């Protein structure tokens, strides 16, 4: 017996078993039979006997023994039903196989039924032969009806005819629309078609309207919905083409018009059988009133005479018109007039201008195309994206150029008033970065140039760069913030639970991100990850494009360098990039161009290349040293600055720009104490440039004068930085001697003797420019350069006072002459007084809610938003007094520090009406922090600080200035949390000199505490409110706080000691200690230097040090050392601010104040029990719970830094249960959030899981100082809380000392719902009926309980 193969058998075993089976002759378990194909006329037979000829044409059928003929039925499963079974008619005894063959629609079965009639000439003909024969009949002028090709289905024809009859419209044609009879053989095919059509028409005419609709519904239910949709689409196509008859050449068919109507359109049950639905159109806002859209008449079919080119007989395949394909050749319809408020797709012309949807532009402009809405001119953003990837070079270039223009206008904010949403954000979300990066790799130079221009329009704002250049000569103007997007918190789920050594670093996470993820958060970083720098290097080095493309590439590199120090380092590290820029665009020798607009800028110095170097040098002293020493920038500076601009063999404007940027680059290097050896080498050239200042400004072309002014300002900025560096030479020399191996910067090559000789010459220039203010022609140029001269004098006198050669007597006399001959005449000049009047209108702080519509701001691509800065007031415009007043204030700070008696002479500046009005406005302002405002706010903070420093010198000695001391103090308090990163030294100086200075808190020594005490007495008399003695000490507490101001200052400076490194870095930059400066790039703009809630800082520090949050609870220790003193000083300062400087704390929400003060109870177990802390906290509690403050105290909003107030309240309840000992102050704190208007969660927490605290509450209603009505109204509507109220009353009934307290806490609801209970009532709101008034027996019982409680309380006392 043969065995079955096993899985373990080898191939040899299988071959051996196969041979045994074949030799045994045993029949196989399965046999192959072939079934006859009846469609081919094959007869069936028995067994497997077939001719070899037939076997090749038969199909294989596998049969298995003992296999049942029918599959077993699945009883649980429902029987399948055919959707078309009801439409079929079957007979008994009909062979199922024949029925299947009859309905077989396969192409082989259909073709097998075609029978060629005997009358056909020439035997069997193909379909194409028959089509050619029909065409020849046409040419023989034999009339033949033509109709659009359609499915030859009788049901389709009937459906069409029913629609016609249903409309009761006579047939306007001689035959059916869908059935043409072309598939029939013989010459009488058209007659047969017409005969069938007439029978259908007669049958339909004999039917009523309801019968027609009923038959139509039957057909729609039986036919395939896709077939119905196809038939109706054919009807729809015939409507526009049959609007008017057309004359055709001989043999062509004539199409008659047939209006399409369908009376059953609304009653069709099948969604697939619905007629055409007009797609919803996106419309644009165009006016306020609603108007109906104009209905356009249907366009007639295209005629031969409508064609711009008439078809000829000789043209192949042009003897038959196809109207639907020629629609694009007809004239465009007029734009649709729309007045709806719906949005409409925006379309732009090639200049990026938005085209109104109703504007009808001529077609020769090239703005019409064959996309969506062909009647509307312009291109949408989607179409421009599509065209930018076209295979046609011109289309790619045109699309990218148009996108560049759109981006430029979007950055300028031209679309904000007419478009919804941000164009920049929309384009970036759509993948614009990848589109431009792909286009940069295009092999066609034109497309690549257009991509570079579009990338420049995306990244660079020319007006931002102009503003930064204008402020370069200001105080700390060369410093700038990195243009980094705001930091976004990223989820770190993958690193959770891992040890620190196994967690990924920030760089590893950044490298693991995809290009898309990086670009979505930071555009510049995404471009760097996409290898933009090597591609730009290739474009400059290999392609060598046109001058405009070169300028665009250099500006793109400059914007990338402004992003961050790491981005600037990547630019420097890119292989051959900087070498190529220096060799081609900053050569040491060049040939002058014969044309003012050369075809190539290769081999010529470019100002944009020098600016790129300057921005790279700003990123850090190491980058600056690389440029000067490794890349040969030092030699190029010598080459550019050793000659006058007119001698540089360049176009005049470009020569001045190159010289200006060279001075700025040198000033940046001198700001690090570098490149000062050049000062000695180029000293004659610098003196010569200074001597020609007046001559250049007087004789320069009006077009060149702004450039000459910037050149002079850059020169003075250079001299200022060199003076600062030279002033540090002596200190560094002494430090190097005493350093004893410690790291110390080397002394610069330039010393004080090298720079001291320039002061007399520059002072003479300043006097001359002050006198020139009377000349209307020279007024603007004088105002532009005077601030730079004042800044230089400040640097000179600031460093002079630190030199060994300093002569006090001579310097004091010199300063007096400077004040009387220059500064006072300058300050009193009518031109300067007119400028000072613009102080408030030019301020950024005072104009936070400006009506100006700024440019688009993209979070991933921050900018300075300076678009249109010349057309509106601001800090940078010529009418702004900020540069002049800042430089003057800086000089006054220095000279009044040297000569103490000079301060009184500038009292008029602080007492002038514009300055006082400006300071009052600043004390009430709340400016917002963003990249668009930070770079300007920094300069305004400098002016505010300098005005306060002048006030600090004058308040103790000038009674008129002292009258405004409280205002100066208020400005100092609001300025402190405004100061940005890089201004930490200013914050330290404000805290050390002004904020805690008793001279600026005039209320402390002018009867302020006594006035507070009198106010409290008057309040008690008016309200008849008897308070606890511990609450009547606010006046005394304020008096004590004023005495402790020096200690309070020390406390806060101690808690801000973590800022010391930042303070030292900021001090070096602000005081001109150039050799110690690491970078002119300011710290990242993450927020203000000091938090807005800084007055609570000691309490928060105690809480963080003494308590550790753990699941809502606190691990509380004993009072830390010094905690009582720190807490007392903090509370004293808070009490002083709440009483006398309430506006300074308005930026802190009341709920945040309450949350911060809660640290008194949470930071330790007994700090709140200390007597000084108790008194101060009682006073602050009373201030926070005044009637005017209670309404603004909203505990339903989360305090800053906390998820919700409920979490903090839960910790307070736990702490109260643990360590309160029934303290009444703590009890008031716990009861305050139980007011009815706050979240019910806190009341549920008290009466639920923390109900035990009610036993230790010893707070009286008088001590609570909150009206009881706030705890009792509105009525409670929480049923779980009502049940807890009842349980509390029930439990505490035996404890009469608590009954009344709980009764007040559970309020009038229990009285209304429990004491007035009458009978259960199922349908009542509360489940029972109530008495209208309390029954006498219940009233008597309630009175006895309350009387018993009062008696018990007296005995307890």
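Cβ atoms are placed via backbone N, Cα and C, with glycine included.
Checking the ranges 151-170, 171-190, 191-210 against TrEMBL, the region 'Disordered' annotation falls on 171-190. Among the ranges 235-276, 277-318, the one that TrEMBL lists as region 'Disordered' is 235-276. In the predicted model, the domain 'RPAP1/MINIYO-like TPR repeats' (1095-1297) shows an average pLDDT of 83. Under DSSP, the residues of the domain 'RPAP1 C-terminal' (345-410) split into helix, strand and coil as follows: 29 helix, 3 strand, 34 coil.
With helix defined as DSSP H, G or I and strand as E or B, the domain 'RPAP1 N-terminal' (195-236) counts 37 helix, 0 strand, 5 coil.
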